[in-house]
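A.B. asks: Pulled these features from Swiss-Prot for this protein:
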| type | residues | note |
| --- | --- | --- |
| ACT_SITE | Glu144 | active site |
| BINDING | His143, His147, Glu226 | Zn(2+) binding site |
| TRANSMEM | 14-34 | transmembrane segment |
| TRANSMEM | 39-59 | transmembrane segment |
| TRANSMEM | 158-178 | transmembrane segment |
| TRANSMEM | 197-217 | transmembrane segment |
Amino acid sequence: MLFDQIASNKRRTWLLLIAFFGLLALLGAAIGYLWLRSAVGGVLLALIIGAIYAGVMIFQSTEVVMAMNGAREVSEQEAPELYHIVQDMAMVAQIPMPRVYIVEDPSPNAFATGSKPENAAVAATTGILQIMNREELEGVIGHEVSHIRNYDIRISTIAVALASAITMLSSLAGRMMWFGGGRRSSNDRDNDSGLGIILLIVSLIAIVLAPLAATLVQLAISRQREFLADASSVELTRNPQGMINALLKLDRSEPMEHHVDDASAALYISDPKKEGGLKKLFYTHPPISERVERLRHM
């Protein structure tokens, strides 16, 4: 059951990534059709822009992410229990030992960053070290180490980059339509044809709806990787109850006092903002109740 769930989550993630590239290509084709006189040219342009966005974001240093979240690196002497748990989980996962950081915040939480295991780091708040016992903390750190082993940070970064590229291209297309109009001219043979009108409408719909669709796909990818990391943590610790207890404590916690931007919020094991209302629809994390239910059925 455990390995079936892990395999299923991986398949869903790759299907969502394929959908992401398809969405980017569709938007590129729409822009190419309207302004470049070539749908293929638009697709190539969109893919190049997406690749540039992803490349820049992937190579953002671990130190920058940690600084943005107010984390400081600690030694084995400063935080022996946390350090040894990270060391143990990394050994079981067969990855290099990540660097260990602490965030001074009373709200329990943790996150990992790094585009590959060789430059990865794990951070935990002072709050999580105070309220969790060793089994629960092992579940949390196992979750973060699983993100590193599964290259989740890289996958999530690609998803964020593609969503950003799609939003930028859609905004650019909207401004071009507003200030300069489309490529429609008397020289286009398909201008007044039924096919031309259909293609025009489809292109406009793609440009308008692409950012929303990109956001939804990005959120779906993030949620699938959270389920996968939960299951992978149990694979490492062989203790689903420890992970369940940790999640239940996280569910009862208060929002973090330290300001967390939207990009960093997706890295944490539990949503650090805990905003309500309609914003719940755009959470990067699945509901903890659903995560717990899946763990109980392993």
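Using N, Cα and C of the backbone, Cβ positions are placed for all residues, glycine too.
Since this is a predicted model, take the numbers as computed values, not measurements.
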A.B. asks: Cβ within 8 angstroms of the Cβ centroid of His143, His147, Glu226: which residues besides those meet this for the Zn(2+) site?
C.D. replies: Ala112, Glu144, Ser146, Asp152, Arg225, Leu228, Ala229, Asp230, Ser232, Ser233, Ile269
A.B. asks: Provide, as an integer number of angstrom, the distance between the C-alpha atoms of Glu144 (active site) and Glu226 (Zn(2+) binding site).
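C.D. replies: Rounded to the nearest whole number, the Cα-Cα distance is 10 Å.
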A.B. asks: What is the Cβ neighbour count of the residue listed as 'active site' at a 10 Å cut-off, with all protein chains included?
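C.D. replies: For the residue listed as 'active site', the 10 Å Cβ neighbour count is 27.
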A.B. asks: What residues elsewhere in the chain lie close to the transmembrane segment (158-178), defined as a C-beta under 8 angstroms and at least 6 residues from its ends?
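C.D. replies: Here the qualifying positions are 17, 20-21, 23-24, 27-28, 30-31, 34-35, 46, 49-50, 52-54, 56-58, 204, 207-208, 210-211, 214-215, 217-218, 221-222, 263, 266.
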A.B. asks: Apart from its near flanks, which chain residues at least 6 from the ends of the transmembrane segment (39-59) lie with a Cβ under 8 angstroms of it?
C.D. replies: 21, 24-25, 27-33, 115, 154, 157-158, 160-162, 164-166, 168-169
A.B. asks: Mind checking which residues reach the transmembrane segment (197-217)? Cβ under 8 Å, same chain, six or more beyond either end.
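C.D. replies: Hits for the transmembrane segment (197-217): 16, 19-20, 23-24, 26-27, 29-31, 33-34, 159, 162-163, 166-167, 169-171, 173-174, 177, 182, 184, 190, 282.
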A.B. asks: Helix, strand or coil at the residue listed as 'active site', per DSSP?
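C.D. replies: Reduced to three states, the DSSP call for the residue listed as 'active site' is helix.
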A.B. asks: What's the number of neighbouring CB atoms sitting within 10 A of the CB on His147 (Zn(2+) binding site)?
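C.D. replies: Here the count is 28.
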A.B. asks: Look at the binding-site residues His143, Glu226 and tell me which residue has the greatest number of other C-beta atoms within 10 angstroms of its C-beta.
C.D. replies: His143
A.B. asks: Work out the three-state DSSP category of Glu226 (Zn(2+) binding site).
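C.D. replies: Its secondary structure by DSSP: helix.
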